[in-house]
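Listed in Swiss-Prot:
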TOPO_DOM  1-37  topological domain 'Cytoplasmic'
MOD_RES   7  phosphoserine
BINDING   129, 179, 207  carbohydrate binding site
REGION    300-646  region 'Catalytic'
BINDING   307, 308, 309, 310, 311, 338, 371, 394, 395, 506, 507  UDP-N-acetyl-alpha-D-glucosamine binding site
REGION    473-481  region 'Interaction with O-glycosylated substrate glycoprotein'
REGION    506-512  region 'Interaction with O-glycosylated substrate glycoprotein'
REGION    600-605  region 'Interaction with O-glycosylated substrate glycoprotein'
REGION    634-660  region 'Disordered'
């Protein structure tokens, strides 16, 4: 080891130095502080620039206001200012205001756009078939009405004609077809389209597509049409683009006297269209009614619940007839609207009535059922002292003596526990089977369509077990079930005090209305005094029925009851026929007889203990089911009950008809 010498090429050994944790932390902290100072400085500079820009904007605004004050424009009211804000743009240097309108028609979709805003779009399957109509205000361009008329179905063209005739002159009309709109487009409707200036509308063919824009009483602004090349196909989609020049606000407004009624009218007519003379500038129809008071009115303080949805034109017609009925109390009327729709509430406000909207619950018939429950509950909450409620629907005409009819009969509900309701509707009361407006019946079915409900019945029996939202049941069919009716009956008139005019609804269409509702008899005679009202009580009615059967002439049962000659050509007589009815629910012969009499035949209605009462050839006609009816004892031994066998069902035919 003495001769060892270090190599000069090797680095001398030294202990490795390590920075302490304190110095590392201090170094990082210094860097973070520097970054934070940089960010703070940037933020201050940004705020400074923002303040400078805002100060400049404020100074520019003050300068502009000062210049405007030196040369002020005439003062304008709020409505004019609003109209200015909403008015469409000017085209280039031209002072004329115009709208860009696009209209699309095809097999599965229609849409309308105004200045780039879609105001109609319908591409739902199996819905929206027919002619869609939109009405625009000619001064502002805002949508005043949207309707669809299924002119493939009967009578929808009549509804379209009525609507278009009620639109004020000058309004902008837009029409477009989805799927098919010509099958039931009859000559009257085609003539009206021709009068609007349309060339393609009157010639509209099977599955053609068509788009139209025009001014009522003015020029056509655009039209496109594509013919279907074959019965199995549709016309090509058409897209119509056109400019719509707008007129001055002066042309679009009426100048009525400044009264509370006219203020209501002005608010209504500035928003919606299709209501005819109520918005006439020269001679508007009244919106306040003064029917004669009803002496000793027993229903003056009975609340009236109007069950409504989104059918404002129906609601308008219904409320006009209701408010014209003798003995009406407008303060007792509440309109319940299923959904937050604007136009039905506008109709309610026009007449100065109370309207209540609520959120829809469930779907289809369950939604209607929940709407009824909510409305009935709210009615008795609004009027906690009421013992009864009158229940109406938005698609009913109300007879002039509707409240008189109820006033004369409502005591029966208080005095006879065997009664379920009083209804203004006779299911079998057609023009050829109803005759006597003073005559009343007891029936085992609940007709609805304008009826009186006892509060105790609703609160104690119906409300607690009302069908829940998940049950897709019709509320009226549920009320007719034996579990609810419990053997009780309803009082009805021979001649109805309500008329079901609606042809659009959940369980309604033009075909169904034509077959079962259009020819119902409706009383138009005021001041009818009902006859022998107290004879409608349970025991007294049995005495009356036995009296009628004892006096009735037995018809010749060898004749065909469907032939006109089955009843003699007399007037004022009472006749009786006996039909086979083996048990209480055996309605085979009755159903066939109802079919050939052209009255309600989808289910059994209007019967009392196996007996039906109606008129034929102005004769009182009684039909007794043997042996099920207790009145079978009145059948002479020599008479064989009539049996009518139903025709055999065609293969593939539906098992049951839809019922309302």
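Glycine too: its Cβ is placed from the backbone N, Cα and C atoms.
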(request) Report the residues of the chain - excluding 129, 179, 207 - with C-beta within 8 Å of the mean position of the site's C-beta atoms, for the recorded carbohydrate site, in sequence order. (result) 107, 130, 152, 177, 178, 180, 181, 234
(request) Determine, using Cα-Cα distances only, which of these binding-site residues is closest to residue 311 (UDP-N-acetyl-alpha-D-glucosamine binding site): 129, 179, 207. (result) 129
(request) Work through the binding-site residues one by one (129, 179, 207) and name whichever has its CA nearest to the CA of residue 307 (UDP-N-acetyl-alpha-D-glucosamine binding site). (result) 129
(request) Please classify the secondary structure at residue 307 (UDP-N-acetyl-alpha-D-glucosamine binding site) using three-state DSSP. (result) strand
(request) Summarise the region 'Interaction with O-glycosylated substrate glycoprotein' (600-605) by DSSP state, stating how many residues are helix, strand and coil. (result) 0 helix, 0 strand, 6 coil
(request) Measuring Cα to Cα, tell me the gap between residue 207 (carbohydrate binding site) and residue 395 (UDP-N-acetyl-alpha-D-glucosamine binding site) in whole angstrom. (result) 31
(message) Fewest other C-beta atoms within 10 angstroms of its own C-beta: which of the binding-site residues 179, 395 fits that?
(response) 179
(request) Name the one residue among 309, 371, 395, 507 whose Cα is closest in three-dimensional space to that of residue 129 (carbohydrate binding site); these are the binding-site residues. (result) 507
(request) Enter the number of other CB atoms within 10 angstroms of the CB of residue 507 (UDP-N-acetyl-alpha-D-glucosamine binding site). (result) 13
(request) Would you give the longest CA-CA distance, in whole angstrom, between residues of 129, 179, 207, the set recorded as binding carbohydrate? (result) 11
(request) Enter the number of other CB atoms within 10 angstroms of the CB of residue 129 (carbohydrate binding site). (result) 20
(request) Over the region 'Catalytic' (300-646), work out the mean pLDDT and round it to an integer. (result) 96
